[in-house]
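Lifted from TrEMBL, the feature list:
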- 1-98: DNA-binding region (DNA_BIND)
- 1-98: domain 'OmpR/PhoB-type' (DOMAIN)
């Protein structure tokens, strides 16, 4: 079994030995095959990843060389299985069979799906736990040390967007469990890194208000308003402005532990 990590720096190990290439282009191929483990990746897709829309005439021959390099690395481990059973050739493509590799991105997506299902059925304890486990699998930006063509860029963007969504749902689950005090440090860091992210700012405002820090909640809104005005020339959304007014008036609905970041704000 080969283990591959893409949620951060690229890693590939087999029987405890690293089999990750150091050259840029084979790393791209490894990453793309890993992200689509269990599926055949067509040769044209791999060519696009490496050379874009203007590949050289030698692209197919060079691609075969990169595949051979990867197989040689995989075959260096002490496992008795053939490298060709792990990096498999199919008609017009290559794949990592699902039973031959484990990929952290796929494990993350399974946990995220389970957590989202728990959220939807109102099991906030399970949702928070499962989504936290999913997020703990990340060790940095997806494919942070891998050169990216268009296919890998699309995959990395998809993963990063999923990560933000999972993070927001996990925080909502924690808020519904009344864990606002425990969230303050994390939310402060997230808002500092994403000063114009309205959803994160809203959750921070809710957590601060429930922690008895009304003035700080209003200060978060003020800073967001300034950032949006200075950078984009726009005002916060109507929903966020309603949240600010609810905090100003100490709306009792905001005190409910089961209330999500925007749920208490009138539509």
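Cβ atoms are placed via backbone N, Cα and C, with glycine included.
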Per-state residue totals over the domain 'OmpR/PhoB-type' (1-98) - DSSP helix, strand, coil: 41 helix, 18 strand, 39 coil
Stretch-averaged pLDDT - the DNA-binding region (1-98): 93
